[in-house]
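Novice: Copied straight from Swiss-Prot:
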BINDING   Gly84, Glu85, Thr86, Gly87, Ser88, Gly89, Lys90, Thr91  ATP binding site
DOMAIN    71-240  domain 'Helicase ATP-binding'
DOMAIN    265-445  domain 'Helicase C-terminal'
MOTIF     187-190  motif 'DEAH box'
Amino acid sequence: MGTERKRKISLFDVMDDPSAPAKNAKTSGLPDGGINSLINKWNGKPYSQRYYDILEKRRTLPVWLQKEEFLKTLNNNQTLILVGETGSGKTTQIPQFVIDAVDAETSDKRRKWLVGCTQPRRVAAMSVSRRVAEEMDVTIGEEVGYSIRFEDCSSPRTVLKYLTDGMLLREAMADPLLERYKVIILDEAHERTLATDVLFGLLKEVLKNRPDLKLVVMSATLEAEKFQDYFSGAPLMKVPGRLHPVEIFYTQEPERDYLEAAIRTVVQIHMCEPPGDILVFLTGEEEIEDACRKINKEVGNLGDQVGPIKVVPLYSTLPPAMQQKIFDPAPEPVTEGGPPGRKIVVSTNIAETSLTIDGIVYVIDPGFAKQKVYNPRIRVESLLVSPISKASAHQRSGRAGRTRPGKCFRLYTEKSFNNDLQPQTYPEILRSNLANTVLTLKKLGIDDLVHFDFMDPPAPETLMRALEVLNYLGALDDDGNLTKTGEIMSEFPLDPQMAKMLIVSPEFNCSNEILSVSAMLSVPNCFIRPREAQKAADEAKARFGHIEGDHLTLLNVYHAFKQNNEDPNWCYENFINNRAMKSADNVRQQLVRIMSRFNLKMCSTDFNSRDYYINIRKAMLAGYFMQVAHLERTGHYLTVKDNQVVHLHPSNCLDHKPEWVIYNEYVLTSRNFIRTVTDIRGEWLVDVASHYYDLSNFPNCEAKRVIEKLYKKREREKEESKKNRK
């Protein structure tokens with residue numbers, strides 16, 4: 001044997017002359033690569049012309065200039081923190097740099113490996129993966145894929161997967177060391193979502209057990225020093241953005257109605273400012289759709305004196321094809337030499353950092369976003385419209401300077417910016433119900449939650465509440481250990497209450513119906529209520545209405561959808577959201593597969609039986625027994641145990657005010673509403689959830705006195721049945 005030793009090429013080694021292929025590519029117009037650079041190494045097909053066109057644009061991105069430095073740094077370190085301004089190209093390019101390096105290192109081409117890039121939002125995971133598939137000249141779902149809740153668009157051929165942070169957490173439950181992955185990239189880490197924060201702690205442990213795994217943490221803001229400290233002094237790399245100067249304007253006085261002010265500002269910009277697209281930040285779907293209608297109407301009233309506009313909404317539940325419209329060009333002038341056209345994007349804070357839209361010159365920032373808030377004392381989690389942070393305001397204004405100098409109109413005072421806005425967005429883990437998170441951690445084998453390495457540890461009270469809820473649901477025993485029921489619950493991508501409702505539904509002989517209800521609750525609202533046809537929409541909804549509540553109304557809609565062969569025309573005629581129904585059908589099929597895996601029976605009570613709806617309502621109560629409200633003599637509802645005054649949401653389908661209701665959602669607005677409610681009977685509380693309705697630790701209220709009577713009634717019935725048996 002000879003003594004010559006081959007040098008093992010390490011992951012991310014940079015070639016002796018790394019510029020050589022790039023030079024060749026630039027001079028020959030070929031992509032980076034070796035001899036076969038005309039052939040796409042990922043699918044074996046020749047590159048298309050579009051690939052070369054996109055490649056030229058990719059080379060102009062700031063991150064491209066630091067490719068070698070990035071690969072060298074990552075080669076020498078297990079963890080790397082990368083800060084890149086939005087628009088630097090980090091989300092699309094870094095994962096591609098990584099898969100090329102991993103591919104170069106993997107000599108056995110049959111060995112499967114994967115690079116994962118997490119996104120906090122579904123829209124970003126889908127949109128970015130499509131863009132990267134286009135850049136790599138491959139088919140989405142093949143070499144490049146994405147995975148979001150209830151939708152997996154990947155295959156065994158996938159080498160690069162964009163996925164929501166929540167989906168990577170779910171994968172960790174089945175594969176605690178994430179063995180399939182060679183590199184994991186946590187993108188948009190500055191957003192500090194609940195799932196990202198849990199992944200921080202989890203991956204820190206995984207890295208100790210897997211020296212071959214690499215981690216890249218990417219952020220758009222300079223809170224990176226905190227990430228560095230957390231990841232034991234990992235190196236920090238900064239990529240500049242392509243920011244032009246942005247002029248910032250504040251209002252002189254606080255705006256009473258930010259929506260009207262935003263619309264007014266759009267019209268003024270369109271009338272008075274030079275060409276350039278507009279980005280408006282609003283808080284949610286309803287507000288955005290309302291603004292889009294009003295902008296079209298206001299500009300339409302101006303006639304020929306202004307150019308044409310294209311108003312495009314952007315929010316998470318928008319169909320993917322509609323989401324892609326944000327990348328369409330602005331409309332051409334109506335007549336040659338006439339006023340220029342303008343694109344107006346009206347978006348949630350998803351356009352802050354997750355997606356980059358070229359052509360934006362004007363940004364309108366009302367200073368608000370919807371944020372999750374949680375009060376552990378009364379166990380209420382709700383989405384509230386809240387002021388944004390200074391960091392978010394900075395990100396928003398930066399959207400205006402991507403292609404040329406821009407302007408940002410902040411619809412609040414400079415004093416308010418300086419004095420009222422927090423420096424950073426409060427991490428989600430500090431303002432969320434942690435029941436689902438605790439269940440996930442328990443499934444991952446992490447029992448000591450108090451000492452789990454959270455970057456920002458949640459309040460002990462919030463953790464205690466989560467443990468208490470899971471104990472009542474039977475997911476944890478009295479010692480805090482995961483039960484068999486808890487293990488099954490953790491497999492469902494649902495909140496713990498809904499998972500429990502599904503698991504126990506066979507005991508009530510109604511699992512088919514509970515599957516349909518769960519699927520309907522897991523998708524956007526199926527009822528469409530256009531402003532110009534509200535009366536007709538309300539009449540259509542009333543036809544599906546069930547007098548005993550909203551859950552049963554949703555069941556009626558699902559049954560009618562299936563009976564009408566999932567016909568889109570039927571949906572249109574009945575003011576039903578066809579996409580939501582198709583999603584519900586897809587969700588239901590996935591839930592059926594999980595039920596089958598655990599041998600949970602598919603069954604239904606005979607539709608003609610008087611117990612048909614009773615059994616469904618009892619099964620729902622078995623999951624949602626902690627979300628019950630009682631009608632007091634005063635005419636308002638009190639949440640049971642927490643004694644919060646609440647009102648039935650106006651959208652409910654009940655034709656009466658039941659004494660007891662279960663509710664799906666607690667909505668905090670000017671009044672406290674409970675939404676998606678169903679009538680239940682008081683005695684069921686005693687039958688289905690006696691462990692929770694233990695009167696020894698019950699606050700004094702009317703509901704307690706009623707339940708006391710129900711317990712006494714049950715005792716009498718037991719005594720009588722004993723006597724009868726004798």
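Think of each number as a place in line: the chain as shown, counted from 1.
Each Cβ is built from the backbone N, Cα and C atoms, and glycine gets one as well.
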Novice: What three-state class does DSSP give Glu85 (ATP binding site)?
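Specialist: Going by the DSSP assignment, Glu85 (ATP binding site) belongs to neither helix nor strand, so it counts as coil.
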Novice: Beyond the listed site residues Gly84, Glu85, Thr86, Gly87, Ser88, Gly89, Lys90, Thr91, identify every same-chain residue whose Cβ lies within 8 Å of the center of their Cβ atoms for the ATP site.
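Specialist: Near the ATP site, the remaining chain residues are Leu61, Pro62, Val63, Ala220, Val239, Gly241, Thr356.
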Novice: Using Cβ-Cβ distances, find the residues under 8 Å from Gly84 (ATP binding site) that belong to the same chain and are at least 6 apart in sequence, listing them in sequence order.
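Specialist: Listed in sequence order, they are Pro62, Val63, Lys90, Met218, Ser219, Ala220, Lys238, Val239, Pro240, Gly241.
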Novice: Check the domain 'Helicase ATP-binding' (71-240) for me and report the mean pLDDT.
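Specialist: That region's mean pLDDT is 93.
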Novice: Using a 10 Å cut-off, grab the number of neighbouring Cβ atoms around the Cβ of Gly89 (ATP binding site), all chains included.
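Specialist: Cβ-Cβ neighbours of Gly89 (ATP binding site) within 10 Å number 24.
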Novice: How does the motif 'DEAH box' (187-190) divide up by DSSP, counting helix, then strand, then coil residues?
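Specialist: When I sort the residues of the motif 'DEAH box' (187-190) into the three classes, I find 2 helix, 0 strand, 2 coil.
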Novice: Tell me the Cβ contacts of Thr86 (ATP binding site) under 8 Å, same chain only and six or more apart in sequence, or just say none.
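Specialist: Listed in sequence order, they are Ala220, Gly241, Glu352, Thr353, Thr356, Gln395, Gly398, Arg399.
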Novice: Within 10 Å of the Cβ of Lys90 (ATP binding site), how many other Cβ atoms can you find? Include all protein chains, please.
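Specialist: Result for Lys90 (ATP binding site): 28 neighbouring Cβ atoms inside 10 Å.
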Novice: Give the sequence-ordered list of residues that share a chain with Thr91 (ATP binding site), lie 6 or more positions from it, and have CB atoms under 8 Å from its CB.
Specialist: Cys117, Gln119, Ala124, Val128, Asp187, Glu188, Met218
